[in-house]
Amino acid sequence: MTNSDDERTPLIAAAIPAATAPVASGSRPYGAATLHPDDDTRETMSSFVVNNVAGESGRKLPQYIAGLAASGGALAAGTFLGWTSPAEIPLVQKQEYGFPISTEDFSWIGSMANLGAALMCFPIGILMKMIGRKWAMLTMVLPLLLGWLLIIFANNVAMLMVGRFFLGIGGGAFCIAAPTYTAEIAQSSIRGTLGTFFQLLVTIGILFVYGVGAAVNVQVLSIICGVIPLVFGLIFFFMPESPHYFIEKNREDDASKSLKWLRGNRYDERAEIEELKAEDAKIREDKITFVQGFKQRATIRALIISLGLMFFQQLSGINAVIFYTTTIFDDANTGLEATAATIIVGVIQVVATLLATFIVDKAGRRILLMISDFFMAVSTILLAVYFQLKEDDASQVANLGWLPVLAVCLFIAMFSIGFGPIPWLMVGELFANNVKAYVSPLAGVFNWLLAFLVTKVFTNLRDALGIAGVFWLFSGLSLLGTVFVFFIVPETKGITLAEIQRMLSGEKVRRSSGHSNPAMEDDEKPETR
């Protein structure tokens, strides 16, 4: 695999910044999350009766359709994130574009996307509040198109760099807006599944570029990639706006129509509308400044959890594993070319992320994160041992070529099932609406800047520690990340977004699933009824 240093992380890891901005409650019985705890039972029963008068508690298929349509932006993001892998050799070594591009030039060409994405994390939150989640995403088709046009017709390195920067702006915005939109339209029972759609479509986009890039030249590949944002725009144009946005703008009739589209015509949306109105009124009443936001206990805890997850995602070793994939497959004497090895990694990504989509609302977030990080640590330990033995005496690993291949496949699968999609899903769940515009984008900026930093200093780390030392470092960080998840990260499966805020504030939340929350148990207050 021949992707450059600049893109190793975004290829799989940073390809998902960031679920931010306002998120509405899911739709298990409505009303319970926004009223005083003493009113929970009464309001829950009322909502249950209202919704079932219509004979339906809410169809799921329209929500899946809207969620997939929104995640079409992730497909567009995946294409530019994977583009550097098939483009590096033709552009740098073969000068396919007719002008020289050095390895250092190409490193900057790829990494400019990280900076563009980081720059967009805050503006997209403002744009979503001004014109809505739907139109904010549709607007991002423009920088994506501009970026691809600059790359398609580039006649110098500067055009390629600026094009990549615009692609980062569009892709980074989708990484914020799409998870926000899916979290707001989804009922709580499927919110986790819809939340993983983004990562799934990113991995499919990357695999698509790997496959197409093996068959066509860079310019044709870029043209094909440029068509994808247009297709997304045409499809997503027919999807509904988030009902939460309509309530924010006092457009109750539009919110009702949106919920009818998302839940089915037989769904009685009145209880959900009332909850959204109550939640919006509370947000307006509790409107706070940037400084005040950081004085809230729930906000501080949500920020610690979110930034911690982003840190351990980027420092998991994904860069080193991706960078050495080609070397590892070559050393194993598999007979596979770099393109084939790249496609294998892409397929593993897609399959594992698809599995996460099916099980995240059944297994829960915490257990998948812990399994993911622990087995990534095991994988990087195996790679560290292999490269250490190889550095000491290459003959010791002559018959162990299968070991690093197994380690790479295990690592990619475990990353994709947990630490790939779930940190972004949880960012969309953890922050309250009255602070979301201030603090949620921090997670996205933090992740993209880490992606940029880690990819640029990786070579220095390798020179200082040796490749075996780098893998030992990453394995230790992954083990530390497992401990972080166990003690700090709460389980958000099966509870509404408003209940998550109560839990982060220290209240005990009754969970219909019966799962405990070990990360929150130490300071939960007794529930009074």
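Including glycine, each Cβ sits where the backbone N, Cα and C put it.
The shown structure was predicted, so the numbers you read here are calculated from the model rather than taken from an experiment.
Annotated transmembrane segment per TrEMBL: 64-86 (among others), in sequence order. Sequence-distant contacts of the transmembrane segment (64-86), counting only residues of its own chain at least 6 positions beyond either end whose CB sits under 8 Å from a CB of the stretch, comprise 1-4, 6-7, 10-11, 14-16, 106, 109-110, 113, 137, 140, 144, 147-148, 164, 167-168, 170-171, 174-175, 177-178, 181-182, 185-186, 190, 194, 197-210, 212-214, 218, 221-222, 225, 228-229, 231-232, 235-236, 238-240, 261-262, 339, 342, 346.
Computed over the domain 'Major facilitator superfamily (MFS) profile' (66-493), the whole-number mean pLDDT of the model equals 86. What TrEMBL records for 66-493 is domain 'Major facilitator superfamily (MFS) profile'.
According to TrEMBL, the feature transmembrane segment maps to 106-128 (among others).
Per TrEMBL, the feature transmembrane segment maps to 135-154 (among others).
Per TrEMBL, the feature transmembrane segment maps to 160-181 (among others).
The transmembrane segment annotation in TrEMBL covers 193-212 (among others). Counting residues 6+ beyond its ends, the transmembrane segment (193-212) has Cβ neighbours under 8 Å at 11-12, 15-16, 19, 63-64, 67-68, 70-72, 74-79, 81-83, 85-86, 174-175, 178-179, 182-183, 185-186, 221, 224-225, 228, 339, 342-343, 346-347, 349-350, 353-354, 356-358, 360-361, 416, 420-422, 424-425, 428-429 in the same chain.
The feature transmembrane segment is assigned by TrEMBL to 218-239 (among others). Here the transmembrane segment (218-239) has long-range neighbours at 65-66, 69-70, 72-73, 75-76, 79-80, 83, 86-87, 90-91, 96-97, 134, 137-138, 141, 144-145, 148-149, 151-152, 170, 205, 209, 212, meaning same-chain residues at least 6 beyond its ends whose C-beta is under 8 angstroms from one of its own.
The feature transmembrane segment is assigned by TrEMBL to 302-326 (among others).
The transmembrane segment annotation in TrEMBL covers 338-360 (among others). Within the chain, the transmembrane segment (338-360) has long-range Cβ neighbours (under 8 A, six or more residues past its boundaries) at 1-3, 12, 82, 85-86, 192-193, 195-197, 199-200, 203-204, 206-207, 210-211, 213-214, 322, 325-326, 329, 368, 408-409, 412-418, 420-422, 425, 493.
Taken from TrEMBL, the feature transmembrane segment covers 367-389 (among others).
Annotation comment: TrEMBL describes 401-425 (among others) as transmembrane segment. Among residues of the same chain six or more beyond the transmembrane segment (401-425), those with a C-beta under 8 A of the stretch's C-beta atoms are 12-13, 16-19, 175, 179, 192, 195-196, 198-200, 203, 306, 309-310, 312-313, 316-318, 321, 324-325, 328-329, 331-334, 344-345, 348-353, 355-357, 360, 365, 368-373, 375-376, 378-380, 382-383, 386, 447, 481.
If you look up TrEMBL, you'll see 437-458 (among others) marked as transmembrane segment.
Taken from TrEMBL, the feature transmembrane segment applies to 464-489 (among others). Note on the transmembrane segment (464-489): residues 304-305, 308-309, 312, 315-317, 320, 324, 365-366, 369-370, 373-374, 376-378, 380-381, 383-385, 387-388, 391, 419, 426, 458, 518-519 of its chain, located 6 or more positions outside it, place their CB under 8 angstroms from a CB of the stretch.
What TrEMBL lists as region 'Disordered' is 508-529.
Annotated compositional bias 'Acidic residues' per TrEMBL: 520-529, in sequence order.
Through the fold, the transmembrane segment (302-326) approaches residues 1-3, 5, 8-9, 11-14, 294, 338, 341-342, 345, 369, 373, 376, 379-380, 383, 408, 411-412, 415, 419-420, 422-423, 426-427, 430-432, 439-440, 442-443, 446-447, 450-451, 454-455, 458, 462, 467, 470-471, 474-475, 477-478, 480-481, 484-485, 488-490, 504 of its own chain, all at least 6 residues removed from its boundaries and within a Cβ separation under 8 Å. Among residues of the same chain six or more beyond the transmembrane segment (160-181), those with a C-beta under 8 A of the stretch's C-beta atoms are 15-23, 66, 70-71, 73-74, 76-77, 80-81, 101, 108-110, 112-121, 123-125, 127-128, 133-134, 136-137, 140-144, 146-151, 154, 195, 198, 229, 242, 424-425, 427-428, 440-441, 444, 448.
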